[in-house]
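A quick write-up on the structure given underneath.
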Amino acid sequence: MTVELWTHQEAVTFSVMRCVTGGLLTVSRLGPARVGSRDGNGNGVVVRWLREPVWGWVVWVLMGGPVAGAVVWQAGWVPVFLWLGRRVVMGGTGGGGGLLSAAAAAAGGRDGAVVVRGMRHVRVRAEGVAVPVAVEVGFVVPGVLVLVLDSAVAVGVWLLFPVWVSLVRRTVRALVVRVLGRERWGGSAHLEKSRAAVVGVYAVPVLCSVLAHAYLIWALTQPDDRREMTRSILEAMMIDTFFFGLTILYWVFVEAGWRTALLMVGTSVVLGPGAGICVAWVYRERVVDLDRKRDGGGGRVPEAERRRGSDRGNPAVAVRQRNTVRARVTRAGSKRGISKTSRTSNTKQRPKHVL
């Protein structure tokens, strides 16, 4: 006798909740890869934990329930992201921000190169390929196998998706840099300025969310076929996902304002919560991008800085840039000193007028 692992109602509940996880998994892996997530103010332990949150994901998945979600998200990642965003990204404290060459990115971002702009750049261009591939191979594929195979082994493999995502991401990033070239794929890049890059990163989570949302709409017209032994488990997971979604909504509201939060809610209603997270995050990046604000909101990079950015892989150009900046600082200091001396001498030599 074969026991069906998933009924239709159970499968749609699992699919919708996991689409939320897939959307957040994408943005949570891409966010720490950005230049602005590196804080140079002595907070290395916290930021290192933020950049590699694999064990937090494992705790949340294996423990489950609102308690684990509260510990990992409400008391963990979200406060750290908000604190780091205020301290480094929004505050512009310069904790390692700026365009990086391939050598600088490989060395941790400290090669003495001139920091031009780019707090929202990913430190390594290959992350734009590694993150979506890792989410697809390490999370989406095992999740689909869980629904298709009706196997407890598939469920056990899927529960370790944080480990698979981390391993695949590291492997793909290293392969892309090695095979396609360090000069092109090892330096920093602004993914949001390329529509193709944005589509490549977020297409799979959004597509999965749309399909799961359509499945949910169909399931609402069908009778509830959930079994008693799984009903309580799914209800606990739904409560966890609900408060988890509220936390993400608060996160977006604090960092990017009510318009982004409203966009997230509206997109979630139409396309599903996973798509809502991804779309809101793309818009959030436009809001918190300091480069866009400097350029008057158009996101256009001045020609001089575009030339500097295109030469960031050349060590000779970096040395020339450093020397140019030092010369400008020296000339500016000399001019201020001469101006002050001339004003003093003019004051002393000014003839006195007798009234």
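Glycine is treated like the rest: Cβ placed from N, Cα and C.
Just so you know, TrEMBL annotations never went through curation; they're auto-generated.
Since this is a predicted model, take the numbers as computed values, not measurements.
Annotated features, as they stand in TrEMBL:
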{"type": "TRANSMEM", "residues": "57-84", "note": "transmembrane segment"}
{"type": "TRANSMEM", "residues": "129-161", "note": "transmembrane segment"}
{"type": "TRANSMEM", "residues": "199-221", "note": "transmembrane segment"}
{"type": "TRANSMEM", "residues": "233-254", "note": "transmembrane segment"}
{"type": "TRANSMEM", "residues": "260-283", "note": "transmembrane segment"}
{"type": "REGION", "residues": "294-355", "note": "region 'Disordered'"}
{"type": "COMPBIAS", "residues": "294-311", "note": "compositional bias 'Basic and acidic residues'"}
{"type": "COMPBIAS", "residues": "323-338", "note": "compositional bias 'Basic residues'"}
{"type": "COMPBIAS", "residues": "339-348", "note": "compositional bias 'Polar residues'"}
Problem - Contact call for the transmembrane segment (199-221) and the transmembrane segment (129-161): at least 3 Cβ pairs under 8 Å, seq gap 6+ - result: yes
Fill in the blank from the handout: Long-range CB partners for the transmembrane segment (260-283) (under 8 A, at least six residues beyond its ends), listed in sequence order, are 16, 19-20, 22-24, 26-27, 192, 198, 202, 205-206, 208-210, 212-213, 216, 245, 248-249, 252-253
Handout entry: Surrounding residues of the transmembrane segment (129-161) on its own chain - C-beta under 8 Å, 6+ positions past either end
Key = 4-6, 11, 14-15, 18, 21-22, 25-26, 29-30, 33, 57-58, 61-62, 167-170, 172-173, 176, 185, 200-205, 208
